[in-house]
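Chemist: Can you read through this structure? Questions will come right after.
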Amino acid sequence: MSDVQVHQLYIHGRYVEATSGKTFNSINPANGEIIATLQQASEQDIEAAVKSAQQGQKIWAAMTAMERSRILRRAVDILRERNDELARLETLDTGKAYSETSTVDIVTGADVLEYYAGLATAIQGEQVPLRESSFFYTRREPLGVVAGIGAWNYPIQIALWKSAPALAAGNAMIFKPSETTPLTALKLAEIYTEAGLPDGVFNVVQGAGREIGQWLTEHPVIEKISFTGGVETGKKVMASAAGSTLKEVTMELGGKSPLIICEDADLNRAADIAVMANFFSSGQVCTNGTRVFVPKSRLADFEKAVVERVKRIRIGDPMAEDTNFGPLTSFPHMEKVLSFIESGKQQGAKVLIGGGRATEGELAKGAYVLPTVFSDCTDQMAIVQEEIFGPVMSILSYETEEEVIQRANDTTFGLAAGVVTQDISRAHRIIHQIEAGICWINTWGESPAEMPVGGYKQSGVGRENGLTTLGHYTRIKSIQVELGDYQSIF
């Protein structure tokens, strides 16, 4: 371990020694090797990060919107210049295929930052006349210091999705990356500093355990929490934020999304969409369409088409250019996914392909799970009810449109949904009845910077991306002006 780099915290534009005396390791899930050791933040370090953020935010908010925009655009340029380097690090840390991280993760994160850099100058209030001698106007002001808590599946993309609107609106952000995949968030902090962001405007405090998240959610200075993660943790974060200082929250939580294949769907297109909706990023996407509803009349042909495509998935070393399916992000998560697969078998679902761990050759060293497709599924099975967050597709048959809509909505989640059909009227009719915040027709998975994303029900609160998200990072001040005499009743 002598050649393993030790990473400090990133506070006030530089790396600083953590005061906890504790460390944790980042593990390469492709082979189980330690790739980095990270110092863990203490409560004292959180206080230092908050004070730093307060100082930096005052400087940042005092800049013109155009100045802030230019700095954020410089960060975009640096991200794109360093795309391949960052993608390699993301692949080492997450296990995601380099063919994916190099074309999606940094690229889409930079797109979101560029989008909000352009919107920084568009934040404005309004002026409304009340009568000849009086009017009021509004100002949209930054919240101040906000915190982001990231998930492990899209580390740098999530850090950018959270920081971009926050910084564009004039806030400072303290970001806690997942302890499983913390490395690229630290690189992002370096890039922000290089681009000219004032010290303290983006601080990174990493650590294992729940204490850091709790210190952030309960801190009286922090005005907002943006969290991405599981439902149960999200509920605790939200309760803690409300119980401390009534903080604003954005919650991007779990999903168990339905993909409805209609009777008139092009079978090849439907199978392509289903495979992408389940096995992209090794199945570790919160919006995955893991409940695939297929008409009974087309079930056999659809299952055959899906299996043919799954056989073409290239599992292997995530750094290899031809690999498009890497390991899961951690060994504990692999065990969780495998337990769900065993549950599916025990509850009577039929394995069409996959169904276990990948152990061929070098794959045995990593957290690899075979792309798995279950048929003969019922709505009551655990693999259909619960979020697995892995490469597990459940195929369910249906007979009528009314039936499939009811079953698709029969879940506590409401993150995403999709419909595949050649009848555009049917597509809209179904989608308008589905209880989900992100919906796709004849496609799946794209989340452009301009599109607000977020869930219904227990899948989340608030939105990320799009114009509406800027409102989550500002507050409105109303000012009335009287030009005439003031008449008192006393």
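Placed from the backbone N, Cα and C atoms, the Cβ positions cover glycine too.
Remember, it's a predicted structure, so these values are computed and weren't measured experimentally.
Annotation source Swiss-Prot lists K(+) 1 binding site at SER26, ILE27, ASP93, citing sequence analysis. Annotation comment: Swiss-Prot describes GLY150, ALA151, TRP152, LYS176, PRO177, SER178, GLU179, GLY230, VAL231, GLU232, THR233, GLY254, CYS286, GLU387 as NAD(+) binding site, evidence class sequence analysis. Per Swiss-Prot, the feature active site, charge relay system maps to LYS162, GLU464. Look at Swiss-Prot and you will find LEU246, LYS457, GLY460 tagged as K(+) 2 binding site. Positions annotated as site 'Seems to be a necessary countercharge to the potassium cations' by Swiss-Prot, on the basis of sequence analysis: GLU248. Feature annotation from Swiss-Prot assigns active site, proton acceptor to GLU252; the stated evidence is sequence analysis. Swiss-Prot lists CYS286 with the feature cysteine sulfenic acid (-SOH), giving sequence analysis as the kind of evidence. The active site, nucleophile annotation in Swiss-Prot covers CYS286 and rests on sequence analysis.
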Chemist: Between the binding-site residues SER26, THR233, whose Cβ has more other Cβ atoms within 10 Å than any of the rest?
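Modeler: The most densely surrounded of these binding-site residues is SER26.
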Chemist: Of the recorded positions ILE27, ASP93, GLU248, GLU252, GLY460, which sits closest to PRO177 (NAD(+) binding site) by Cα distance?
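Modeler: Nearest candidate: ASP93.
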Chemist: Measure from the CA atom of LYS162 (active site, charge relay system) to the CA atom of GLU464 (active site, charge relay system) and give the result in Å, rounded to a whole number.
Modeler: 7
Chemist: If you draw a 10 Å sphere on the Cβ of GLU464 (active site, charge relay system), how many other Cβ atoms land inside?
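Modeler: There are 23 of them.
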Chemist: Which of the three DSSP states, helix, strand or coil, fits SER26 (K(+) 1 binding site)?
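Modeler: DSSP assigns SER26 (K(+) 1 binding site) to strand.
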Chemist: Do me a favour and check the Cα-Cα span between LYS162 (active site, charge relay system) and GLY150 (NAD(+) binding site); whole Å is fine.
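Modeler: Distance (Cα to Cα, whole Å): 9 Å.
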Chemist: Compute the C-alpha separation of GLU248 (site 'Seems to be a necessary countercharge to the potassium cations') from GLY460 (K(+) 2 binding site), stating it in Å without decimals.
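Modeler: Per the Cα atoms, GLU248 (site 'Seems to be a necessary countercharge to the potassium cations') and GLY460 (K(+) 2 binding site) stand 13 Å apart.
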Chemist: Helix, strand or coil at GLY460 (K(+) 2 binding site), per DSSP?
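Modeler: The residue in question, GLY460 (K(+) 2 binding site), is strand (DSSP, three-state).
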Chemist: Quick one: of LEU246, CYS286, which of the binding-site residues has the smallest count of other CB atoms within 10 A?
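Modeler: Among the binding-site residues LEU246, CYS286, the sparsest Cβ neighbourhood within 10 Å belongs to LEU246.
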Chemist: Return only the integer: C-alpha distance in Å from ASP93 (K(+) 1 binding site) to LYS457 (K(+) 2 binding site).
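Modeler: Rounded to a whole number, the Cα-Cα distance is 32 Å.
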Chemist: 10 Å Cβ neighbour count around GLU248 (site 'Seems to be a necessary countercharge to the potassium cations')?
Modeler: 17
Chemist: What binding-site residues among LEU246, LYS457, GLY460 are found with a C-alpha within 10 angstroms of that of CYS286 (NAD(+) binding site)?
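Modeler: Close binding-site residues: none.
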Chemist: Using an 8 Å cut-off from the Cβ centroid of SER26, ILE27, ASP93, can you name the remaining same-chain residues around the K(+) 1 site, in sequence order?
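Modeler: For the K(+) 1 site, the extra neighbours are ASN25, ASN28, PRO29, ILE34, ILE35, ALA36, LEU92, THR94, THR180, THR181, PRO182, LEU183.
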